[in-house]
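Please read the structure below before turning to the comments.
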Amino acid sequence: MFASNIARRACRTNRPFRHCRFNHNQPTPNQNQESSRATHFGFQTVPEEQKESLVKNVFDSVASSYDLMNDAMSLGIHRLWKDELVSLLKPGARGPQKCIDVAGGTGDIALRILDHARERYADRETAVDVVDINGEMLREGFKRFKKTMYHNTPQIAFQEANAQALPTERFPDNTYDLYTIAFGIRNCTSIPDVLKEAHRVLKPGGTFACLEFSRVNNPLLSTVYDQYSFSIIPLLGTILAGDRASYQYLVESIRNFPPQPEFAQMIVDAGFTTGGMFEGKGGAWRDLTFGVAAIHTGVKV
Amino acid sequence: MSLATSVPRAARHSSIWSTRAAPALAGPRLRILHEQARLKSTQPAYEGHIPLNTFEAGFLAVGSALMSLANPRRGDMVAALGDVTSGPVLPRLRDAMLESPEGRRILKGRPRVNSSTVDMNKLALLPEGTFGRAYVTWLERCGVTPDTREPVHYVDDPELAYVLLRYRECHDFYHCICNLPVNVESELALKFFEFANLGLPMAGFAAAFGHLRLTSAKRQRLFSEFVPWAVKCGSSAKSLITVHWEERWNQNVDELKRELGIWDPPEARWSRPLSEAKAATEKRQKAAEAQLTGQS
């Protein structure tokens, strides 16, 4: 607070993408003649190859404060959402299961799966492979698991890999009973590729489950939600993590994600069998908190 | 557009509350619609500008105040609090600058103070007794360099943003001219001085709450010796924001102090003795001279 030498040094800003400015009044940037495929990065349009490294930068910088930020942004509700996902899936109910949790860096879902199997069904054979493209996030997950009883057991493994192209030696076809991806799929460059890989590594009869931010359809609530997202979340990012840009990206990436029926159709197109195209029991998805989040499920037949 | 080149008055677009269009729109139009959902114009007036509406500014003020108290090393939070609370005072400071020719030159040229614009080696070549020499000696004595400060983000008018940035960057000059080191009690004394001289609320907060972290002995000394000096000297001195420090490198330091109306505070606690600092400056001078003669 008193311009101590350390604070002066810390004044140097550490923006993750100094090279990529959010020009509000600039239309789409000049695109490379060779790369014709563009994708969205928040509200910017970027060449496909760039999105991966931009996302990597975002998560490198948020990794250490990720859990704190999740609590602040969702007011702790994200814990309830994740609990709901796992209780819906009931891992361990029909014997030990091989699970893969993709984009699950910090290990939230993996831990819940293992605890659920252990506490409800006295199952200590269910195993989870945590996969994430970002090493920093995996490091955080590894650190968290060191505090649990699953550390150094065959029940948990961490692997750095790209969800769109899981290496076949490490992740052969038809291996897993359960594939989960929570709050990760919107950061991927090509959702159909992720779904294709999910379909490949699941056993016939295996379940695909995706927990993701989705569309709030109620107009009054969506207004409130928008205000909250665009005003408060970037400010919380500035205050708690010193990083507005990453949280601005996170909020924008939520808006760019396809709404529930569209995403459910993409899951069907990847070869999964889902419930009917409606919300709720028996449907392809379930809304959580009025659609702020949604759980999409499918089965590989 | 950088602060140095933006037009004096920002073109403000009035924000329109528009109904949300179909989500099928992509790219910048979607952002504009959602930014309008924030009730705030999204056009930044200068590089690094982040426009905030009233609620957001309040939220940031409270949040950054709590964060600065909880973690004083978060220099960006102190800066953010300064940005958000300085609103009413900055126009007064800018007008003070406009009233003097020197201040007008600052507003026109918008000089920056950082390691690339302040050449310590060149200043070391100046004779003993000049302000430039005194500044380099002070830097050596405290072991600091003219680092880049956190830029201004939350002030809407680019000219006022520059005034605030100028204040932040000139902080070290105030240290030097008031002959104060960089430890906590001296920083607090300087904050009292700045508050008396310039009136910035952030200086006031720092002065009001900063002493809580001191030991009672230091606090006692602060309030009995330094604060009376700071208030008397700060309120009677010329407004330091109008001083074009870079034009005065060659000026004699005592003469400068007389001109500004500043006298020395009670003896402060320095981390290094003056003799050591002077020796370091002389070394720097010799190195600079050698480089010059080596080149010519």
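Glycine is no exception: its Cβ is also placed from the backbone N, Cα and C atoms.
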Candidate from A:Asp83, A:Asp129, A:Asp132 that TrEMBL assigns to the same S-adenosyl-L-methionine site as A:Thr106, A:Asn162, A:Ala163:
A:Asp132
Binding residues A:Thr106, A:Asp132, A:Asn162, A:Ala163 (S-adenosyl-L-methionine) - maximum C-alpha distance in whole Å:
16
Set of same-chain residues at least 6 away whose C-beta sits under 8 angstroms from A:Asn162 (S-adenosyl-L-methionine binding site):
A:Glu52, A:Ile133
